[in-house]
């Protein structure tokens, strides 16, 4: 008796559950569907063809996530035969994990945003589609895009990714402080050191204003290595020349010197970006090395004269690039439709352009730079133009499949030097050994 | 002298309690305070504790940032389904382990305890592949099925059932009560505190779960509130902490309500099992 009634209750509950969840599923597809009532005017070839759904995964939360959603809505409203479903998959790293996981279980998307440093890893696993044929078919070639942003696009003669939301580090300057000091915006490391030291304010032995800061990230040491004329990985991808040629010691020695005098505030690792943004906004920093992605937020919130400039040179100007590219998955069943969407994003003036303009990411094609939208913005907010101009010095020397794991080792070295003040040469030699082991794997 | 000493002791007791309370409650107060600040106030150092003008609009901004209706509905369906299913499975299981002696019961119970000790990180990849294989990735089921049993719940409820005197059950059997009736009319009413505890723990852990839904879901349609809140964060650029915290307040509100509702029962559960 007991068993029987339990079984009945159980079946009932399971069916209830199933009903609930299928409701949940179908009610969702309702949202994107409603958008195709919008306009039927677009040039869709044959009305009889069935609507193709393209899954597009991205890593944009917050306001930028809303801008991506708006972009996809514009696409769906102008394309009767394709429907793009955009889904946020967490930050860049989380998106990578989701992609790995979904590719293994054959539930991956058609198109995805992919942080540029991870492109090679996926390309080596042969899960990304070669975009060359699609580019040719559309009468385009690589010269359509800005050269400095194509560093993570071609691997093994295949064009596997195109730039989408790209950024670089630049120097954000509180010009009001520099004017008070009667100093110019620094263009070399020596000038930077002088300005940063002059900007320090101490009250009762406590520093209330630092000279400069940068988030806890590999980006800035990488930039400084290139600025000193060295490389992170050698061309062959076997070692880390910046350690053996002494550049590493020079870079970290420079940072430690500045940290010792209060000229450099090196933030705690957790949430470092927000911490230094806050300090800069509050006028507690004269200079900030930070991504171009923060320009929009800073313009809105600072109440001093805010300018941007190239990262200062040691022996040369140099900057790494960052942000994400867009890729097509080899497993996609609807590659033509997926390309249609990618092409639209990168070429149509209603594509990714409004997203790029509003977010502060870099324009990625020459056509975007010529567009009225970018021209108007640069006229109104010249701080944004600096980042594009700096691109002529873009160089990425951390390209290797092993980068994601070596990056963790590099972070450990940065922590040991910047937080625990361990011996620079010894720490870097330890890092070199570990990096070479990972490179040889 | 004898009068002063107890008073001093009590004062000390209250001061210590107050300190402890602050440790636990301060993060909540800060969250609520941040949720009512302007962007500038969130950046200020030293931190703003009381916003100049409470910005209730932050809540609206958070809610408008995504399909929060769907997220909220999903969270409720998932959490309630899990609790109901767990109760259906664990009540008979606990009754069996507590009041029946059958061959292999010790072994089976140790299996339950073993399940209690295996961390989810060990099993999530095979479980994910299994769910993908079944083709239910775009439903809410992958967030419910793996949690239909609750080893901790079986354990807790079994201990509770064991304290119900055997004589009561015998008396009921003499009155021709079915096992189901004994369970329903006798065991469950006497175990209310334990049931409330299990339900609340289950509710809190699944309502707050971030890891599992993040792994199991790849479309907004089936995602719960926790993932929706995480979406408010910027990947690059400047995060709007005031909006994120408003989202967090919305997230924890149901938990606080349920806790206020259940707290008496929970305290009872622990006091009871403490005396034994």
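The backbone N, Cα and C atoms fix where each Cβ goes, and this holds for glycine too.
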In TrEMBL, one of B:140-161, B:206-227 is tagged transmembrane segment. Which stretch would that be?
B:140-161
Should anything in the same chain at least six residues away from the transmembrane segment (B:107-128) have a Cβ under 8 Å from its Cβ atoms, list it; otherwise answer none.
93, 97, 142, 146, 149, 151-152, 154-155, 158, 211-212, 215-216
Intrachain neighbours beyond the transmembrane segment (B:140-161), with Cβ under 8 angstroms and 6 or more residues off its ends
74, 77-78, 81-82, 85-86, 89-91, 93-95, 97-99, 109, 112-113, 115-116, 123, 127-128, 131, 187, 191, 193-195, 197-198, 201-202, 206, 212-213, 216-217, 222, 224, 269, 272-273
Can you see whether the transmembrane segment (B:241-262) and the transmembrane segment (B:76-95) are touching - at least 3 CB pairs under 8 angstroms, only pairs 6 or more apart in sequence?
no
